[in-house]
Amino acid sequence: MEISYGRALWRNFLGQSPDWYKLALIIFLIVNPLVFAVAPFVAGWLLVVEFIFTLAMALKCYPLLPGGLLAIEALLIGMTSPAHVREEIAGNLEVLLLLIFMVAGIYFMKQLLLFVFTRLLLGIRSKMLLSLAFCLAAAFLSAFLDALTVVAVVISVAVGFYGIYHRVASARPDDNDLLDDSHIEQHYREVLEQFRGFLRSLMMHAGVGTALGGVMTMVGEPQNLIIAKAAGWHFGEFFIRMAPVTVPVMVCGLLTCLLVEKYRLFGYGEPLPPTVRKVLQDFDDRSRAQRSRQEQLRLLAQAVIGVWLIVALAFHLAEVGLIGLSVIILATTFSGVTDEHAIGKAFTEALPFTALLTVFFAIVAVIIDQQLFTPVIEFVLQASPHAQLSLFYLFNGLLSSISDNVFVGTVYINEAKTALEHGVISLPQFEMLAVAINTGTNLPSVATPNGQAAFLFLLTSALAPLIRLSYGRMVWMALPYTLVLTLVGLLCVEFTLMPVTNWLLAHGWVTTPTLP
C-alpha cells in the first residue's frame, strides 16, 4: 500500500536519521525565532548549543544538513547577515583552499603512502616498535599532509590485509562479504579475533599520531592555519612557537604508546598472529614480484613530489592551497591520470567537510554579531596574564572534546584577536594565547571521535565494523592518550610556554610580527 504524502515527507526529511533526531531539529527551528524575538543573546547561545549538538550527533546525520538548516534560519531571522558570512569566508579562503586542493593532491600520492605503511607492518616484528613506528609515521605525515588522508591510507592498508586473511580463513577466495564469519572454523575465528585486536590498536596509535603531528605545524589541522593567519606566523615560526608545548607532548605521547603496548592496557598489546603474518607476507611477495617498471616509476615520482611538498611548505613558497594544487598537477601528470572523472574522485573526500566549514563560518558570524562570547572572554581576561593561558587552554579543550575543534579554534582566536584590537591585551600576550588556543583545540580533542575529524572518519569507515571498533571502545582506547596529552599540554602551557618563548625572542629565533 502506498504511504501518505505526510509520511513520505517525514521519511525524506534527513533520510535514515532517527525520528527523535528529526523531531529535535524541528523543535530547534521552531523555538529559535521565538526566543530571538524576546532575547537575542539567549537565542544566540541556544543556536551555538544546538550546532554543537549536531556535531556531537555526527553519526546520526552528517552535520552539514542540520547545521546548515540552523545557519540558514539564523540568516533569515537576522541573527547575522549574508555580507558578514561572506566576510568570514573571504577571510578564511586559505583554509578552504587547503581542504579542497591539499586533500585532493594527497589522494594522488596514496600509492606511496600505502607502500610505506605496508613495509612498516610487515617489516617490523616487535609489536611495541611497530606501534611506535605507526604513531611516528602518522605524526610526521600529518604535520605536512591532511590527517584525514593519512588515516584513510592506514584504513586502506588494514581493510586490504583483513580481507586477504578473511578469505583464507573462510576458504572462499572470491568471497567479498567481509562481515560474514559464518563459514569460518573455530580455530580461525580465534586467530581472526586476535587479528582484529591487533588492527584496532594500530588504528588508534595512527589516529593519535595524526593529532600529535597535526598540532605542530600550520597545515596539520585546518584551525592551525586560521590561528597562524591571525597571529601573522609563517610555517617555520608556527612550528617554533608551538614547540615549548608540542615537543614535550610528542615525547610523552610516544612513551604512552610504548607503555600501553608493553603492559597490554586499555585494549592494546595484541600481537600479529604468526599464521596471519605468513599469509600477508606471501601476498606481499607476490604483489612485489608483479610490480611493473611503470608502477615503480609512479612510486618514485610520488616520493619526489612529497619532497617538493615539504620544501614548499617549509619555505612558504606559495599559499598552502596553491601548493596543494601544484601537487595535484604534478602527481596526475607523472602518474598518467588524465581522465576528468578519475581526477574528480580526489575531491569527493574533502568537499563535504569544506561545505561544513563554510557553515561554521556562518555560525561564527552569529557569535560575533550577537557578542555571545564577550562575557566568557571578559571573565578570562580579568585573570592575570599567566592564568589566562591555562583558562583559554582548558575552555578550548573542554569544548573541543565534544565539538569540532575547527569550530572551537576559530571562535576563540577571533575573540582573542578582537581583545587585542581593542587594547585589552598586549601583542606578546595575544601570541601566547594563540599557542594556548591551538594546543587546547588539538590535544584534548582526542577524547572522543566528535573532536577529531580523523577519529570520526575512522569510526564511520568500512573498517570499524570489521575490527569491532565501536564509539565506546574508541573512547576507552583513547583514554590514556587523552589524559597524558591534556595534562602534559596544560603543564607546558602553565610552566614552559612563557620562559621558553621569551628565550626564543631574546635569541632571535622568533620575532613579534606586525599583524594584518
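Placed from the backbone N, Cα and C atoms, the Cβ positions cover glycine too.
For reference, Swiss-Prot has these:
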type	residues	note
TRANSMEM	23-43	transmembrane segment
TRANSMEM	61-80	transmembrane segment
TRANSMEM	97-117	transmembrane segment
TRANSMEM	120-140	transmembrane segment
TRANSMEM	144-164	transmembrane segment
TRANSMEM	202-222	transmembrane segment
TRANSMEM	238-258	transmembrane segment
TRANSMEM	303-323	transmembrane segment
TRANSMEM	348-368	transmembrane segment
TRANSMEM	391-411	transmembrane segment
TRANSMEM	447-467	transmembrane segment
TRANSMEM	475-495	transmembrane segment
Between the transmembrane segment (120-140) and the stretches 61-80, 238-258, 303-323, work out which stretch tops the count of Cβ pairs under 8 Å.
238-258
Interface present between the transmembrane segment (303-323) and the transmembrane segment (391-411) (three or more C-beta pairs under 8 A):
no
Any chance the transmembrane segment (61-80) and the transmembrane segment (303-323) are in contact, meaning at least three CB pairs closer than 8 A with a sequence separation of 6+?
no
Of the listed stretches 23-43, 202-222, 238-258, 303-323, 475-495, which one has the most C-beta pairs under 8 A with the transmembrane segment (144-164)?
202-222
Restricting to the same chain and to residues at least six past its boundaries, which positions have a Cβ under 8 Å from a Cβ of the transmembrane segment (303-323)?
94, 96-98, 100-102, 105, 109, 112, 144-145, 217-219, 225, 234-236, 330-331, 334
I need to check the long-range neighbours of the transmembrane segment (97-117): which residues 6 or more away from its ends have a CB within less than 8 Å of a CB in the stretch?
134, 137, 141, 145-146, 148-150, 152-154, 156-157, 219, 222, 225, 295, 298-299, 302-303, 305-306, 309, 319-328, 331-332, 335, 337, 345-347, 349-351, 353-354, 357
Let me check one thing: do the transmembrane segment (475-495) and the transmembrane segment (23-43) come into contact, meaning three or more Cβ pairs under 8 Å with sequence separation of at least 6?
no
Cβ under 8 Å to the transmembrane segment (238-258), counting only same-chain residues 6 or more beyond its ends: which ones?
128, 131-132, 135-136, 139, 205, 208, 212-213, 215-218, 224, 228, 231, 431, 434-435, 438-439, 443, 480-481, 484-485, 488-489, 492-493, 496-497, 500-501, 504, 509-510
